Amino acid sequence: MTENSRIVKDSVTPVIVKGVVAATNGHHAQLNGGHAALGKDGKKVIVPLLEADAHAVHEPPDGGTRAWLVMIGAFLCNGVLFGVINTYSVVYLSLQKQLQAVGDNEASSKAALVGSLTIGTTFLLSPVSGILTDKIGLRRTTFIGGLLTCSGMFLSSFFTDNVTALYFTYGIMFGLGAALAYTPSLAILGHYFKRYLGLVNGIVTAGSSVFTAIMPICLDYLVEHTGLKTSFRILAVISSFVIFCAMLYKPLQPPPPPPKVKPGRSAVNTFLRSFINFDNWKKKRYIIWAVSIPIALFGYFVPYVHMGKFVQDNFPGKGENLPVMCIGITSGLGRLLFGFIADMPRVNRVLLQQMSFVLIGTLTMCLPATGSFPLLLAIALAMGLFDGCFISLLGPIAYDICGPRGATQAIGFLLGMCSLPLTLGPPVAGMLYDQTGSYKLPFILAGIPPLFGASTMFLIRCVKDEASKQQTMTTEPKLEPLAHTAWDCENPTDGKPINGHLHHERRATLASSESLTAEKNETG
């Protein structure tokens, strides 16, 4: 390293000028306007430092103790949230019995509405989570989400006999907390992993499969032996794990820079841009992807809801819950397997997700043609495998298309757009079943949207987004002068060679000149 230069890097870095040695000890000294160093005479000399880009994107460490702890925290967060949501059927049965006992003629629909509000709020308000994450940070957003889920579940224990109150405490309050905590749990992974992002996303999203397999048995035991009130309070304790997971979410990437205020832009436009990352919506590839996924999901959730009734009608006495359990088991395996495959070189993640939708749609359309229960289980196992493929690739594709700064809102808005088809698909299939008395037409029609969504995703390969500006992410330290001399200002070289040699040797800088002058005055 030449004199009168420094390494622009946030680490323990020596700053060397003539007669002056200092160390930045891991902090940006330029934040307070300079750095106090010691000269040869032992007196402090103020060395002006260069300004660093506060919004520079840094290379993920791809491992380390903190990174793996973040992965475990995200795994637990994902498992707790969707473990509670996916096991609502146990709460539904108990709540339905309570309402029927008091003579409520709409017991089934009222009890079902609580669970529908939970899953609907979780996805519908995910864009709010993405916006909040960019404004107040990953850790605080997840922390607030954990407080809401824990508080909502605890308050629900006081209203087990009041279904209207449960709409707010269990449905909306817990759902909002889940929305705020889930999106950051996916977004934080891109801060710590790059090469292994697919595999890590697979492990984290597999948390919901693991908890969904364990929690129904435990919750059924709790409800049977302790009742809903105690069960809700135990679920509140379990939900509090999200708060502790939030403590691990230390972001490594800076928040997005504030939008530039352009003349002539309306106040409303400026206000919206302060919250919403419009750069994502300028990316044609993201728009196509964000539209294709909800289209595909219109029929995606139909087999999950209606599989039990389909088994009762076609294979009575064979265990109506077994196919859904098979889907859940292989979905967890699929998230791990395809997460690993997605990290391989030359693997197109979008194409992999398209493949999963094509196979999910095709297998859904094959359900009415199954003539034996073992064949139905085989189809269910295959559906679960590719379901895991689709889910594990949401986070990595968002990072591929929108980058680290746009991924959080990209995931949040995508999940928000998915709330409508996920909510409407099963009721429409139920209406068709009521009209026809068979699941042949509902399952065939449910297989079409995944195929159509996979087809529209081919358009991603046909468009190109404008090249994004290069981020400050250098592997080699960059050497820059501490200050420019009058000679440099009058005779700029701009890195060009002088007489065949690069102009590396600088004359005394302003900082070192002051140091030398002070030294001469004292000795003279």
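From the backbone N, Cα and C atoms, a Cβ is placed for every residue, glycine too.
TrEMBL annotations:
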type: DOMAIN; residues: 67-465; note: domain 'Major facilitator superfamily (MFS) profile'
type: TRANSMEM; residues: 68-91; note: transmembrane segment
type: TRANSMEM; residues: 111-132; note: transmembrane segment
type: TRANSMEM; residues: 141-159; note: transmembrane segment
type: TRANSMEM; residues: 165-189; note: transmembrane segment
type: TRANSMEM; residues: 196-222; note: transmembrane segment
type: TRANSMEM; residues: 234-252; note: transmembrane segment
type: TRANSMEM; residues: 286-302; note: transmembrane segment
type: TRANSMEM; residues: 322-338; note: transmembrane segment
type: TRANSMEM; residues: 350-370; note: transmembrane segment
type: TRANSMEM; residues: 376-399; note: transmembrane segment
type: TRANSMEM; residues: 411-433; note: transmembrane segment
type: TRANSMEM; residues: 439-460; note: transmembrane segment
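When each of the listed stretches 141-159, 196-222, 234-252, 411-433 is scored by C-beta pairs under 8 angstroms to the transmembrane segment (322-338), 196-222 comes out highest.
Long-range Cβ contacts of the transmembrane segment (68-91) within its own chain (Cβ-Cβ under 8 Å, at least 6 residues beyond either end) map to 114-115, 118-119, 122, 142, 149, 153, 174, 178, 181-182, 185-186, 188-189, 191-193, 200, 203-208, 210-212, 214-216, 219-220, 223, 228, 231, 235, 238-239, 241-242, 244-246, 248-250. Within the model, the domain 'Major facilitator superfamily (MFS) profile' (67-465) shows a mean pLDDT value of 88, rounded to a whole number. The transmembrane segment (411-433) is not in contact with the transmembrane segment (234-252), judged by fewer than 3 CB-CB distances under 8 Å for residue pairs 6 or more apart in sequence. Most Cβ pairs under 8 A with the transmembrane segment (286-302) among the ranges 111-132, 165-189, 439-460 are made by 439-460.
With pairs at least 6 apart in sequence, the transmembrane segment (439-460) and the transmembrane segment (376-399) have fewer than 3 Cβ pairs within the 8 Å limit; the two do not touch. Count of Cβ pairs under 8 Å against the transmembrane segment (350-370): among 141-159, 196-222, 234-252, 439-460, the largest is for 439-460. Remote same-chain partners of the transmembrane segment (196-222), defined as residues 6 or more beyond its termini with a Cβ less than 8 Å from a stretch Cβ, comprise 62-63, 71, 74-84, 86-87, 89-91, 185-186, 189-190, 230-231, 234-235, 325, 328-329, 331-332, 335-343, 349, 388, 391-396, 399.
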